[in-house]
Amino acid sequence: MALNWSFRVIFVSTMWCALLKFATLGEPKDDNDYGGGCPFVVLGNGTHAKPAGCSHLCNGAPETLDNIECYNVTEEVAKRMTPGIPYACWLGWCNKGECKRGNRTEVCYRGSEEE
């Protein structure tokens with residue numbers, strides 16, 4: 001009787017391990033819909049990244065940001081910045097697609113394309 005019980009425990013344990021292994025082999029499912037948008041150009045400050053401006057064209061249509069901190073720099077200027085060189089950038093706040101400049105600056109830089 002004990003042999004029969006041991007066999008059942010081993011069999012169930014083996015099947016459970018096999019099930020867990022096969023259940024985790026697939027790619028994780030990503031249920032988020034990113035909407036096929038275009039990424040904004042961002043500038044870093046060593047600890048955080050913020051968008052350069054609050055609007056741009058994506059496939060001919062405007063995309064805007066609202067209610068987040070930004071750098072009051074156009075995407076065109078940000079793209080011309082030399083990667084890794086520190087710049088003084090005006091901080092702002094996105095309001096209806098426009099980066100409203102505040103009264104503070106902070107060091108910002110453009111990262112390399114690999115980042």
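Placement of Cβ uses the backbone N, Cα and C atoms for every residue, glycine included.
Since this is a predicted model, take the numbers as computed values, not measurements.
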Legend entry - Disulphide bridge to Cys99 as given by Swiss-Prot, partner from Cys70, Cys89, Cys108: Cys70
Legend entry - Of the candidates Cys38, Cys89, the one sharing a disulfide with Cys58 in Swiss-Prot: Cys38
Legend entry - As recorded in Swiss-Prot, which of Cys89, Cys94 forms the disulphide with Cys108: Cys89
Legend entry - Disulphide pairing with Cys54 per Swiss-Prot - partner from Cys17, Cys94: Cys94
Legend entry - Other CB atoms within 10 A, centred on Cys70 (disulfide bond): 26
Legend entry - Among Asn45, Asn72, Asn103, the one of these glycosylation sites whose Cβ has the fewest neighbouring Cβ atoms within 10 Å: Asn103
Inset, instruction - Among the disulfide-bonded residues listed here (Cys38, Cys89, Cys99, Cys108), identify the one with the smallest other-Cβ count within 10 Å. - result: Cys38
Legend entry - disulfide-bonded residues compared (Cys54, Cys58, Cys94) - highest count of Cβ atoms within 10 Å: Cys54
